[in-house]
């Protein structure tokens with residue numbers, strides 16, 4: 001594959017003014033514009049200089065410190081990060097990964113143009129006027145010699161001792177360690193190691209998501225118009241040393257990160273060690289840190305920012321970076337430098353880049369393209385799963401003509417249809433149960449412990465209202481309905497409250513929001529998965545059944561009936577919003593206090609979709625007890641929330657506390 005057009009090397013292409021300055025003498029080139037030697041008249045010269053004003057967006061080449069002023073990632077779209085891998089075994093360093101290649105040198109033009117000369121003159125005035133004053137005022141700043149520097153960078157006195165000063169940049173010493181330049185590959189992990197790293201990644205992501213949600217809420221309380229909780233969360237975790245894989249650069253699979261995991265923010269990729277650039281889509285080891293003085297690419301991001309990218313699932317045509325304006329439109333030719341050069345050089349070191357070529361993009365400008373193939377035996381790419389799930393939501397019978405037992409097992413009792421799918425055997429057991437959209441409580445629950453009081457928030461509740469006081473002074477959800485932190489029990493607004501149904505304190509009462517599917521699995525019997533992406537902290541559904549008192553449960557179990565005991569659910573709610581690693585004085589919420597639960601739920605004849613969720617000791621769904629239609633603390637609703645970003649078609653799992661040893665699932669629901 002390659003371009004059919006014969007294009008010259010655009011790195012050596014002349015500037016737009018080359019045709020006008022071709023007759024300029026060397027002496028004239030170093031003077032002002034009034035002394036340019038040309039035969040054109042003044043009018044003709046002015047007309048010739050009218051060229052389109054293109055302002056390419058800067059790409060952070062060789063930047064090791066994350067740039068925090070990038071454009072925000074759309075929360076509604078996911079980001080796909082691809083790690084560049086090779087076939088080298090076990091662990092290796094960058095000296096083993098790279099092999100010395102012939103190095104080429106290029107000479108630069110000694111004659112600066114008039115604008116650059118004027119820039120140097122102004123920079124010299126600035127340095128002379130302010131350098132001494134800045135150094136006298138601050139003890140940890142320095143004057144950097146790089147005339148092209150536009151960033152705050154650490155200063156090394158040895159590097160600048162013999163260099164002339166031409167510009168002033170204020171820099172402060174970083175408070176956190178820089179990324180290592182050592183390249184390694186992690187392979188042959190045992191089962192226990194895989195579980196350890198997966199749990200580490202899961203907990204780190206929970207800290208990031210909960211901290212991000214809380215940061216956005218705090219920014220809105222302060223009246224900030226532009227909320228960037230993703231940046232604040234990443235910065236706080238970096239300062240606390242919670243960023244992963246900073247002591248090495250992993251080429252290939254990141255331990256604990258599975259293919260298909262969904263990330264909504266680039267800063268989260270930095271926290272996990274998947275990517276090292278907050279803005280650039282290509283992460284690489286700079287030539288200055290490579291053993292053979294050539295850059296090596298380690299990961300790329302395909303997020304739809306370049307119009308020439310193609311993602312077919314098994315094949316990706318990736319477009320190099322550079323040449324875009326501030327509106328992400330291609331406005332000039334790309335150059336073989338920075339990340340583009342790193343991708344091209346990585347082909348020589350066993351990295352899975354199968355082809356590189358220079359082509360004309362859709363906008364008519366030259367772009368570098370790279371062809372990447374899915375590794376044999378690798379799980380299906382996340383982008384393919386997203387496209388497949390989207391087709392299932394709109395035309396399920398066309399995509400999967402066989403296997404559907406029902407397109408809505410809830411019989412329209414839920415806001416969203418609940419699919420029932422089985423392409424393994426003839427079992428259609430879920431069709432034999434009456435579907436419950438809400439838990440059925442005994443009548444005395446609504447009469448005992450109900451005082452009939454509620455809030456007077458006509459337009460919606462906010463922190464400080466009556467219902468917020470019942471929750472310890474703040475509401476349990478943010479404005480998007482995400483759970484801020486887990487609590488023993490959450491009081492939502494009820495029938496005695498004057499707030500509207502859209503109140504932010506009525507999240508679980510609004511019912512199902514995602515398209516769920518009950519499916520037959522060879523590993524877990526029946527399971528549940530979503531056809532939509534579920535965000536971390538989002539409400540999924542209620543675990544519904546018929547509530548039995550302790551006496552009723554004893555009689556029922558004597559007759560051989562199976563029951564679900566809510567007090568056995570693992571207290572995973574305590575992990576969501578746990579910021580003890582960020583704030584040393586953090587304490588787990590203990591108010592409102594919930595007494596020991598002493599009831600059971602019968603799901604033998606009536607149940608809902610949640611009863612088919614599988615058991616896992618490392619679940620992606622947590623149980624949060626909620627009260628809204630009564631105030632009896634002994635009988636709360638069992639509400640389920642996402643502990644992490646759950647991609648489509650990934651099985652939902654709960655920690656039931658007690659599970660069947662053979663199926664990993666409660667026998668009553670198998």
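Glycine residues also receive a Cβ, built from the backbone N, Cα and C atoms like all the rest.
Per TrEMBL, these features apply:
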| type | residues | note |
| --- | --- | --- |
| REGION | 15-36 | region 'Disordered' |
| COMPBIAS | 94-106 | compositional bias 'Low complexity' |
| REGION | 94-116 | region 'Disordered' |
| DOMAIN | 252-403 | domain 'YDG' |
| DOMAIN | 453-511 | domain 'Pre-SET' |
| DOMAIN | 514-657 | domain 'SET' |
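DSSP states for the domain 'SET' (514-657), grouped as helix (H, G, I), strand (E, B) and coil, give 19 helix, 46 strand, 79 coil.
The DSSP breakdown of the domain 'Pre-SET' (453-511), given as helix, strand and coil counts, is 8 helix, 4 strand, 47 coil. Model confidence over the domain 'SET' (514-657) stands at 93, taken as the mean pLDDT rounded to a whole number.
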